[in-house]
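Per TrEMBL, these features apply:
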| type | residues | note |
| --- | --- | --- |
| ACT_SITE | GLU103 | active site, nucleophile |
| ACT_SITE | GLU107 | active site, proton donor |
| DOMAIN | 10-222 | domain 'GH16' |
| SIGNAL | 1-24 | signal peptide |
Amino acid sequence: MATARVLFLAIISLIGLQQALVNATFASRMKCTWGYDNCQIGDDTVKLILNKWSGAAIEGFGDFIYGYIDMRIKLVPGNSAAVVTTYYTSSEWKSKDSDNHDEIDFEFLGNVSSDGTDFYYTLHTNIFVNGVGNREEQFRMSWYNPTSDYHNYTIFWNPYMVVWSVDGNAIRVFRNYEDQGIPFPKYKPQKVYTSIWNADDWACQGGAVKTNWTYMPFVANYLNYVENVCPYSGPNSVQVCNDLSNWYFNAQYKQLTADQLKTMNDIRSKYLVYNYCTDTKRFNGNFPPECSKPQY
Ligand SMILES: *[C@@H]1O[C@H](CO)[C@@H](O)[C@H](O)[C@H]1NC(C)=O
Ligand SMILES: *[C@@H]1O[C@H](CO)[C@@H](O)[C@H](O)[C@H]1NC(C)=O
Ligand SMILES: *[C@@H]1O[C@H](CO)[C@@H](O)[C@H](O)[C@H]1NC(C)=O
């Protein structure tokens, strides 16, 4: 593994990619913040463990505005009912009285298998801007097996859009319509986080199915991740990261290509099981304004 990493670093320096691209080792880039006995952080791998006594959470050291994170995750196999694994980026500018934080979420909601396969996770996505979320979309994860091998979950964030991808295929886009009064995350630095916890009060079939501790420990595995972000080192970075010279302002990152869009629409047509923009009952006809705008 160490040799592979040196080789990889040599290759990226040869082709002259910018310094912010880090084939990050977990040990140097992330720290445990909850469940110290249940975080196993190595150079290339992480295990986050949930047992009866605790879950576990780790977070990145560095703040950033824009870029992407590829996280490779192998979810808890077997009966993972009510076990929730999260992977998200979030700003920390929260206070007791006012929550104005930004956040981009992947959450994996475990389940019991009805037919003996592991193809039953729900992939939950959301985005918060200035403390307001309520933008959930959920997918039934049955186009691949998320527990038999590592899969690549990418959070891509630039001034034009936020894109959630699985194995390089976009599954969701949230476009920047700030000029039309719809808030978009642009000014607050975020960090990367991942965690595993017991959410049996709500996560599985609305709370009806509880975590079955017979199957503990529940282990989520992570393999070396990649980040290519604009690092935040102080208020000046807001301007630096919003400067047009950054790679993510290139025309090719303004919008999905026709091929990416086709693949995304194909996945969405088959596996999207919840979309806040079609939840008439919830919004009583008053959908959030982005629901009437194209998202790609
Ligand atoms: C992960 O997906 C991104 C695109 O979303 C791709 O550029 C990258 O090569 C993928 N990495 C791996 C290890 O599959
Ligand atoms: C779990 O599986 C059941 C039965 O297949 C399904 O109704 C439910 O939507 C799944 N997901 C969650 C998060 O409960
Ligand atoms: C937990 O799983 C065990 C082993 O399959 C089973 O015997 C038990 O009934 C399950 N418990 C609950 C509460 O479902």
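Note that Cβ sites are derived from N, Cα and C of the backbone, with glycine treated the same way.
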Same-chain residues at least 6 positions away from GLU107 (active site, proton donor) with a Cβ under 8 Å from its Cβ, in sequence order, are VAL84, THR85, THR86, TYR87, TYR88, LEU123, HIS124, THR125, ASN126
Quick note, GLU103 (active site, nucleophile): same-chain residues at least 6 apart with CB under 8 Å of its CB -> TYR88, THR89, SER90, SER91, ASN126, ILE127, PHE128, GLY133, GLN190
On the domain 'GH16' (10-222), the mean of the pLDDT values is 89
According to DSSP, GLU103 (active site, nucleophile) sits in strand
